[in-house]
Amino acid sequence: METSSGTPELKVISTPTYGGHYVKYVVAGTDFEVTARYKPPLRPIGRGAYGIVCSLFDTVTGEEVAVKKIGNAFDNRIDAKRTLREIKLLRHMDHENVVAITDIIRPPTRENFNDVYIVYELMDTDLHQIIRSNQALTEDHCQYFLYQILRGLKYIHSANVLHRDLKPTNLLVNANCDLKIADFGLARTLSETDFMTEYVVTRWYRAPELLLNCSAYTAAIDIWSVGCIFMELLNRSALFPGRDYVHQLRLITELIGTPEDRDLGFLRSDNARRYIKHLPRQSPIPLTQKFRGINRSALDLVEKMLVFDPAKRITVEAALAHPYLASLHDINDEPASVSPFEFDFEEPSISEEHIKDLIWREALDCSLGPDDMVQ
């Protein structure tokens, strides 16, 4: 399969620092300082509010890697905590369909620790790029992508973690069609209570219970997102491209129907119940009627994912066992997490300096010292 992220190598300025143990590159006007373990070719492969991502060659493993720089990582407590959460989560996890952190590059001195450099496995592209490209997608491609998403999600959920932000850009793919789930900055454990206070999860893939501000939600929110993503793969366009909350709910009810009273047991808020009851009554449209030409078994699985009542939504284990995935499903090759993940740093009083210290310790724990590096 072709990939769509072949970014050309840039000519970048590089300067050895700290006696050659570190190298500072200037990438699109941004300083990018890494240990000498990481060598060119350097390619910028992503940029966002957090900072910049570049690919480099890891002289220890002999493989290309993705290095994400989070600039001024401790200026904002919420952002810093998000970084700490992703580091701890991904270092806890060990699964073929979850992207791995291979290193956290510690700075030369603790005093200089303002930017965080996280090293990940390098993938070629993501599902968003593939969906938007002219790349032909066969039924087998879509089926294999779905299987891998669910296989990774089974592991994540078994670790007592909800991803909460599954969307095509967070599903990384390589040329062999291997898929890995990424971006755990919004993830939560089931025991955490401040579920929706910090960030807004991408609207198009958001389950009804999130749109209705239900705080007691479950792993079913991720299953809803998978249903939306899989239909987008099959149909090459977003299933529910809502402009705002109201439009999002309208698009959902126009397709799957207005829920009955018996399907609203998960709503604790009288206002949310009243809102749903005042929506225009809609009957569900069978997916086989709306999406003619798409595999009926695939649509049957999607219909079981896109159920308004989260308690009636299919679980990840049941989805893996659905007839549509029979050719790929092997319960003996779909591992669960050995132990649940616990994130113990949610106290409102935790300071930026405390978070910095915790990330520093993570860097010490997983990176080689400069004297141990390949020069």
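One is the number of the first residue shown, and numbering goes on along the chain from there.
Placed from the backbone N, Cα and C atoms, the Cβ positions cover glycine too.
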Name the residue among THR125, THR197, THR253 that Swiss-Prot annotates as phosphothreonine. THR197
Annotated phosphotyrosine residue, as Swiss-Prot has it, among TYR199, TYR205, TYR217, TYR324: TYR199
Which one of LYS24, LYS68 goes with ILE45, GLY46, ARG47, GLY48, ALA49, TYR50, GLY51, ILE52, VAL53 at the ATP site, as Swiss-Prot has it? LYS68
The number of other Cβ atoms within 10 Å of the Cβ of ARG47 (ATP binding site), counted over all protein chains shown, is 13
The rounded CA-CA distance in Å from ALA49 (ATP binding site) to ASP165 (active site, proton acceptor) is 16
Counting across all protein chains present, how many other Cβ atoms fall within 10 Å of the Cβ of GLY51 (ATP binding site)? 18
Within the domain 'Protein kinase' (39-325), what mean pLDDT does the predicted structure show? 92
Round to the nearest Å and give the CA-to-CA distance linking ASP165 (active site, proton acceptor) with ARG47 (ATP binding site). 18
Taking the residues ILE45, GLY46, ARG47, GLY48, ALA49, TYR50, GLY51, ILE52, VAL53, LYS68 listed for ATP, what is the greatest CA to CA distance in Å, to the nearest whole number? 14
